[in-house]
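S.K.: Below are the structure tokens for one structure; questions will follow.
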Amino acid sequence: MAEGPLEAPFWRKGLLVAGLDEAGRGAWAGPIVVGVVVLPPGEYPFRDSKLLSPRARERLAEKVKEVALAFALGVAEAAEVDRLGVLKATLLAAERALLSLPLAPEALVTDYLPLPTPLPLLSPPKADEKSPTVAAASILAKVHRDRIMAELDRLYPGYGFARHKGYGTPEHQEALLALGPSPVHRKRFAPVAQAPLRFPEAP
């Protein structure tokens, strides 16, 4: 962020800026989680969650909660991803996160997510590398989703959800072929759709 944070022009105008980012868009299983964070103007140690170790993410998630003016999370379940598609489900999770925010932001920054909003919006690619607010949202979303996947690992053992977090790995592919899709797999994703059914279909 050598050129200054992405949200700096909004901060200079005195606007409350909410940063949003998601976790889980490309996973084969589990929800999409969107974090939203409002930070006061300043310099922060937050970086894209994908560049951090799990321990560092957990530590920084607590720091985000300490310094944020407000934060919230929104979730779109796997069944909603199947029904709506990835983009619309991500937008739904973002809407839920914003509705849960205890204050009203005056500008938004997202990581290339085209939110329909009347507010001033910046949504460049790789915003989580240029915006501490988006990076903070990324950290909260990733930590929350990882906890959900650890719980799903207990509910549906054998898939390795706690390790690969629902993403496509050789281990996950082998488990799908051996066990079939679980109720939290995204049936529209080709590797899942091609796996043999073992669980009963939801009504």
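Start at 1 and count along the chain as shown; that gives each residue its number.
From the backbone N, Cα and C atoms, a Cβ is placed for every residue, glycine too.
Pulled from Swiss-Prot, these are the listed features:
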- 15-201: domain 'RNase H type-2' (DOMAIN)
- Asp21, Glu22, Asp111: divalent metal cation binding site (BINDING)
S.K.: Apart from Asp21, Glu22, Asp111, which residues in this chain have a Cβ no more than 8 Å from the mean position of the Cβ atoms of those residues at the divalent metal cation site?
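M.R.: Close Cβ neighbours, site residues excluded: Leu20, Ala23, Val34, Gly35, Thr110, Tyr112, Leu113, Ala127, Asp128, Val134, Ala137, Ser138, Ala141.
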S.K.: Any idea what the model's mean pLDDT is for the domain 'RNase H type-2' (15-201)?
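M.R.: Across the residues of the domain 'RNase H type-2' (15-201) the model's pLDDT averages 95 on the 0 to 100 scale.
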S.K.: State the count of C-beta atoms found within 10 angstroms of the C-beta of Glu22 (divalent metal cation binding site), not counting that atom itself.
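M.R.: Summing over all protein chains shown, Glu22 (divalent metal cation binding site) has 26 other Cβ atoms within 10 Å.
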S.K.: Which residues, sitting 6 or more apart from Asp21 (divalent metal cation binding site) on the same chain, put a CB under 8 Å from its CB?
M.R.: Val34, Gly35, Ser49, Thr110, Asp111, Leu113, Ala127, Asp128, Val134, Ala135, Ala137, Ser138, Ala141
S.K.: Take the Cβ of Asp111 (divalent metal cation binding site) and count every other Cβ within 10 Å, whichever protein chain it belongs to.
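M.R.: There are 22 of them.
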S.K.: Kindly assign Asp111 (divalent metal cation binding site) to one of the three DSSP-derived states: helix, strand or coil.
M.R.: coil
